[in-house]
Amino acid sequence: MIDFDDVAAINPELLQLLPLHPKDNLPLQENVTIQKQKRRSVNSKIPAPKESLRTRSTRMSTVSELRVTAQENDMEVELPAAANTRKQFSVPPTHPRPSCPAVAEIPSRMVSEEVEEQVHSIRGSSSANPVNSVRRKSCIVKEVEKMKNKREEKKAQNSEMRMKRAQEYDSSFPNWEFARMIKEFRATLECHPLTMTDPIEEHRICVCVRKRPLNKQELAKKEIDVISIPSKCLLLVHEPKLKVDLTKYLENQAFCFDFAFDETASNEVVYRFTARPLVQTIFEGGKATCFAYGQTGSGKTHTMGGDLSGKAQNASKGIYAMASRDVFLLKNQPCYRKLGLEVYVTFFEIYNGKLFDLLNKKAKLRVLEDGKQQVQVVGLQEHLVNSADDVIKMIDMGSACRTSGQTFANSNSSRSHACFQILLRAKGRMHGKFSLVDLAGNERGADTSSADRQTRMEGAEINKSLLALKECIRALGQNKAHTPFRESKLTQVLRDSFIGENSRTCMIATISPGISSCEYTLNTLRYADRVKELSPHSGPSGEQLIQMETEEMEACSNGALIPGNLSKEEEELSSQMSSFNEAMTQIRELEERAVEELKEIIQQGPDWLELSEMTEQPDYDLETFVNKAEFALAQQAKHFSALRDVIKALRLAMQLEEQASRQISSKKRPQ
């Protein structure tokens, strides 16, 4: 056994810490060579032990035990540390044998080689694991490596998830990423749709929204549904958006109404919660109005008139027919039978600011106000009906005559407001009136500006009447003393529906679910939401009402841009839209004046005919003939001069309208 105390006593310099030499910082291979030479010079002074003689197997077992112990102590191989390690170890032989008398002592060279082998084994083991022995990692480096590994794992997981999602959705499918995001969002919703068993709440102003399913054209284009209705009064619009870096995301906008009908709701369900509560009102001597409002092609005519199959319509499944059936059911009840009520119906349309009777070969009607400030529709025929079947026949007759045309969004769009009225009369006097209005499809002015003049005039008149309708509903909801019903022919005709304490109104906003109609859908919902938030149930503050009053125009009704916080290009477009609307108003006024002057000229026709007949008599008075001719010419000259001036002004207004339309088309914002 080696006694290191004796070794230290003989060589005290071994216990001294040697300063590091600059060469110790050399690379590992060169450093090992230098240290090996130093150890040889130092270890050569160690004497051999005198107690016992060890064989080669004993030396090998000692070296192996030293190697294992060095690994357990992290093998920090520094020269002073190695010396301390050698000092602490006392390794007994594995197989002790008696000392051999033939050998007196072990040469010092053998001991030196043995120690050298032990140190070299420790050096070798430390060089085999240089990370732990030479450079130990700090905590910061370890944390950075952990974060890097987690990041790589997260990237791999995301890549795997994207691959799985891509397999679920066809990558060639347009907007498939938006479809996936909408599907994931809907998975988090708890849906409780409206059912026939839900209670009906009565409102003076009831605003509902109805979503139609995707039609054949939208399915052929592989459009996605961006509308969700999770509950009976809540609607969500998943508006697709793009960030600056072209990252796609959804902006989910929520709207709350009295009732919200999804694509599975039938006309019967819609009627039960919208128009049916209003039938009782007209039997109580009131006025009721039900509007269907929305983008062209969103399902207004289907809701009001019934199922459509091409141009044919099943009127028995529309709100018109359902309301008439309930009217006759209530009329036959004992409490109302004694009143002796008679049921009359009228059906007319308002097209481009003019009224036409759909039940009288589209005869043109005139709207006048009598001395009692009551609006009268001159020439409108009222038809007596005795059953719901008679009403359906009238509806079929009038619907076949209604004006329609091709627009940006619908090839067979209703371009007029159709008003079907159910009148209750008791002994010739008006007892109650129910007006069911299928409004024309609203479109933005920027979309109709590139069409022909007739389409532009249609769109301008439609938007003007819708804006006036909103103002009248606002006055009704706030119980204002003044109702601005003179702003359009539509509100003039429905004036008595907006005044009086016993007046009730219901609006059904119909929307399209396709992604291409998202902007139009938002415009419709904002219009309907404005009507609802102005009702007494929501109770806006006075500051909000003042802000609503000062707004110049609703984006959802006419599509014009609201001044303020706009770019220079948008301000120019807004100014041009204002000029376009002014030109349209001027054209409409001049047109009416020209028609009046022409009628005056035609009325002078009998005078000329009388003069012609006078000349056929053999003894007519020439003096009388000349006097009458001069008088007729003077009258005709006055009317012709007035007509000529009106026609010139009309031509100028048409040129201004054409110029404004071209400017709008050239600067129209990209969609």
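Cβ atoms here come from the backbone N, Cα and C positions, even for glycine.
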According to Swiss-Prot, the disulfide-paired cysteine of CYS290 among CYS100, CYS506, CYS518: CYS506
Of the residue ranges 31-71, 523-563, 564-604, the one that Swiss-Prot records as coiled coil: 564-604
Annotated region 'Negative regulator of microtubule-binding' segment (source Swiss-Prot; candidates 153-184, 217-248, 441-472): 153-184
Candidate recorded positions SER138, CYS191, CYS233, CYS506, pick with smallest Cα gap to GLY297 (ATP binding site): CYS506
Packing count at THR301 (ATP binding site) (other Cβ atoms within 10 Å of its Cβ): 24
Rounded Cα-Cα span from LYS300 (ATP binding site) to CYS290 (disulfide bond), Å: 12
Number of Cβ atoms other than its own within 10 Å, given for CYS191 (disulfide bond): 10
Rounded mean pLDDT for the residues that make up the region 'Globular' (1-200): 61
Fewest other Cβ within 10 angstroms of its own Cβ, chosen from the recorded positions SER138, THR296, SER579: SER138
Rounded to the nearest Å - Cα separation of SER579 (phosphoserine) and THR296 (ATP binding site): 25
Candidates SER138, CYS191, SER465, CYS506 (recorded positions) - the one closest to GLN295 (ATP binding site) by CA: SER465
